[in-house]
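Annotated features, as they stand in TrEMBL:
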DOMAIN    39-93  domain 'P-type ATPase N-terminal'
DOMAIN    125-208  domain 'P-type ATPase A'
TRANSMEM  287-310  transmembrane segment
TRANSMEM  341-360  transmembrane segment
BINDING   Asp406, Lys407, Thr408, Glu511, Phe553, Lys576, Arg607, Thr687, Gly688, Asp689, Arg805, Lys811, Asn835, Asp836  ATP binding site
BINDING   Asp406, Thr408, Asp832, Asp836  Mg(2+) binding site
ACT_SITE  Asp406  active site, 4-aspartylphosphate intermediate
DOMAIN    858-917  domain 'P-type ATPase C-terminal'
Amino acid sequence: LDGCCFFLFLQFGRDERRVDSRTIYVGHRPSPDTEAFIPPKFCDNRIVSSKYTVWNFLPKNLFEQFRRIANFYFLIIFLVQVIVDTPTSPVTSGLPLFFVITVTAIKQGYEDWLRHKADNEVNKYPVTVLEDGRRLRKESENIKVGDVMEVVEDETFPCDLILLQSSREDDTCYVTTASLDGESNHKTHYTVPDTEKNLEVLSGTIECEQPQPDLYKFVGRMHIYRRDQEPAVRSLGPENLLLKGATLKNTKKIYGVAVYTGMETKMALNYQGKSQKRSAVEKSINAFLLVYLCILVSKALLCTTLKYVWQSRPGQDEPWYNHKTQKEKDTNLYLKMFTDFLSFMVLFNFIIPVSMYVTVEMQKFLGSFFIAWDKDFYDPEIQEGALVNTSDLNEELGQVEFVFTDKTGTLTQNNMEFIECCIDGFQYKYRDSRTELDGFSVTDGPVNKLQQKAGREKEELFLRALCLCHTVQVKESGQGGVAMDQIDGLLDGDVPRLGEQGGFIASSPDEVALVKGAMKYGFTFLGLECKQMKIQNRNNDIEVYDLLHVLNFDPVRRRMSVIVKSNTGEKLLFCKGADSSIFPRVKPEEVDRIRMHVERNATEGYRTLCVAYKELSAEEFARVDTGLRDARLALQDREERLMAVYNQVENGMSLIGATAVEDRLQEEAAETMEALQGAGMKVWVLTGDKMETAKSTCYACRLFQRGTELLELTVRTLEEGGRKREERMHELLLDYHKRAVQDAPPVKAATVTRRWSSAKQEYGFIIDGATLSLVLNPSLEANSSRYKSLFLQICESCTAVLCCRMAPLQKAQIVKLVKNSKGSPITLSIGDGANDVSMILEAHVGIGIKGKEGRQAVRNSDYAIPKLKHLKKLLLGHGHLYYMRIAHLVQYFFYKNLCFILPQFLYQFFCGYSQQVSVPATVTRAKYLSDLIQSGTTNQEHLQLSLPPL
């Protein structure tokens, strides 16, 4: 019994969630403490993007096609014609159905054959595997989890790898992930510390999470075994993971171990599970089909009933020239009525258009090319035009009622320029020989000499923070920037002539702007090498800092930090982030000196960041270092544990100053927003930025006019009056509802334009993320149940709505709230960053901007455009015309079939309901021939509507 209990403890008592991880043996070599080694089994490295095989194509394709109501209906009609004696030949319905099914099957079969071909090119690609000290060439599909791979420069990684060894001296490698997220910048990845130089004898195991599709998250740890020593444990994160589809750059070769293969790679998982959107017109077509089906059944029932009423009269039971046979007289009356009903269904089945679905799909497919071919959408800066990811929503573009837009990178250019800073309460502005501004002395070039308003020590500490608190990398020669030796050789007052990105690589333009701003003022970041950050100060002295830890930025914390060690042994924490995130973590008296400058800069439309620092004692650093290492080794709840350590160390800091960075408006942003509002659309701005900055952007875009009365529902307004937030919010919602809804003159939504609204008071609504949480997740109080409805009614009565300090999930919640509101309005979301993906997927139509924050938004969108200004023509030009065309086409189909069947129905009143056709068989065949032609090509009239340039 004791033995059984011990066995159960070993199996179930260690970690009940261990099933969420997998164990991988590097090189398929068991660890020294393994007694009986059974290699785990994982999926192979074959990529399968095809739907069919030779054996299942016919049944699977037929099953999928007959799931469509129209196809299934005509299949039933065809079977009725075959089984029952009907007035028309089975060929009349069978031939068009066969043609539609065949054309669709050929089209889908050809597309699947192309997928098979592409899969074979990937699966048969030769790769190099280290096995028993030999370099073997294998086909990519034969890679197994645990194989040690060799990848050379400019090769694509064949599976997801953990980086073990690099040819670079600093144990890093550079990759590009353009095929995954569209980002062309070089990203740095790091080898696992303490891995053996000789991989042939490396003994190690990797524990990591099960496959999941997030490209930017990975949790794992590696045990490295050495002779007569305790195994070394190293944490694994996204910086150690090389993704399938990425390409090795600026590195001769690397070695890595396969952790995810085949359909379990992150690239494969990202191409699965995206839900398909259906347009309102398609839903209307299905509703119309049901209505016409009811009309068809009603006609058949009416004719069947009238037939037997007419035959119940004496002498009309059978015609004098065609007496009934005995078999017909003995037939069950109800069975005969049922067969007659089916015969009438067949006779009137023309009312359902068999070719409409195929014609509509062909028109949508061909129409999508005109968006991609439109030269007005071409942007010479990025040398790209519009991209259509789905053709099913062309007409939806012409029915949009609500537009939800991001601010940074969408309304603005996301091209940051350092404008000014505030150090210890004193304002500093950069000036050159042409400009007289406060803070810096006048020179012909960049400024090196500060006026020391805040004291030299504080000024230099602030500039060091800008040079150290970031994840920026310096471009090497051949990467389109300046070489490292060029930067090291800077002379007094010289700034290198930088390329498009200023000689730096960064995930955010804000960080590049801050580093370039510090460079203007005499402090130059020289680069990171072997965990050492080098900066050059105003005196041309090189300062070296050991980079101990990076506390990465995330949207929840809204800040990032670094822990560095100076030459004197001091351990310093530098932190930068939003004022709402930094102010609660510093001394109140320091906040008062800087808050005024931050609010003024935000009012002027600048993006602001606050900078703080903290000197760590030896005991505090040891505690933080241990906490970070333990959290990074955890497989479960790693992010929560890291967040707890971050919050612990990022506290009690000293506020140094703040920065102001300008982000200019997109070209023709104001004209585009004004045109959308003039067309009757409601525009909502959803941003994570400060309220003051976002408000200035709304004024610049003409979403808010100078005469617009702003209704503000933020944390600041809720705290006024000294009452509970819920009570104050209830009072404000009722007041705003009375002013904007109840007291406003009734105006139709379609006429809410600037001309009409000029006759009445315009309202704009502003809400922040914290207050929105109270609206969307109200308490159990009786009054809180109406918050959502009041909020929606107020917003619908306003000319524009600004939602600031928004988390990505809140953006999607706002879109979902409006989308599911009364009337189910058509919504559109547009953005350029990864934080906009959730709202792009939630809206009826998602638009991605090909901006500077990667291509996640483009990859998940329905349509992608280079600039915001192209949205005007996309909606008001293409969208309007496509909606008119598809509406005309659908109405034509139903009208045509109704006109064809109405004489047939009326003729039954004159032929004794004998199910005779009113026209010769040749006319019926011509009708079906017309359906055949329209099934293969779009109707010529409607195709011609698409040809003229917009």
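Cβ atoms are placed via backbone N, Cα and C, with glycine included.
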Neighbourhood of Thr408 (ATP binding site), C-beta criterion under 8 angstroms, separation at least six: Asn414, Arg607, Asp663, Thr687, Asp689, Gly833
Fewest Cβ neighbours within 10 Å, where candidates are the binding-site residues Asp406, Asp836: Asp406
Integer mean pLDDT for the domain 'P-type ATPase N-terminal' (39-93): 82
Length of the line joining the Cα atoms of Asp832 (Mg(2+) binding site) and Arg805 (ATP binding site), in Å: 17
Shortest C-alpha distance to Asp836 (Mg(2+) binding site) - which of the binding-site residues Phe553, Gly688, Arg805: Gly688
Local Cβ density at Arg805 (ATP binding site) - other Cβ atoms counted within 10 Å: 22
Pairwise C-alpha maximum, in angstrom, for the residues (Asp406, Lys407, Thr408, Glu511, Phe553, Lys576, Arg607, Thr687, Gly688, Asp689, Arg805, Lys811, Asn835, Asp836) that bind ATP according to the record: 25
Cβ-Cβ neighbours of Asp832 (Mg(2+) binding site) (radius 10 Å): 28
Other C-beta atoms that fall within 10 angstroms of the C-beta of Arg607 (ATP binding site): 23
Non-local residues, at least 6 beyond the ends, that sit with Cβ under 8 Å of the transmembrane segment (287-310): 69-70, 73, 316, 337, 340-341, 344-345, 348-349, 351-352, 890, 894, 905, 908-909, 912-913
Neighbour tally for Phe553 (ATP binding site), based on other Cβ positions within 10 Å of its Cβ: 19
Surrounding CB atoms that lie within 10 Å of the CB of Asn835 (ATP binding site), all protein chains: 22
Three-state secondary structure, which DSSP defines for Arg607 (ATP binding site): strand
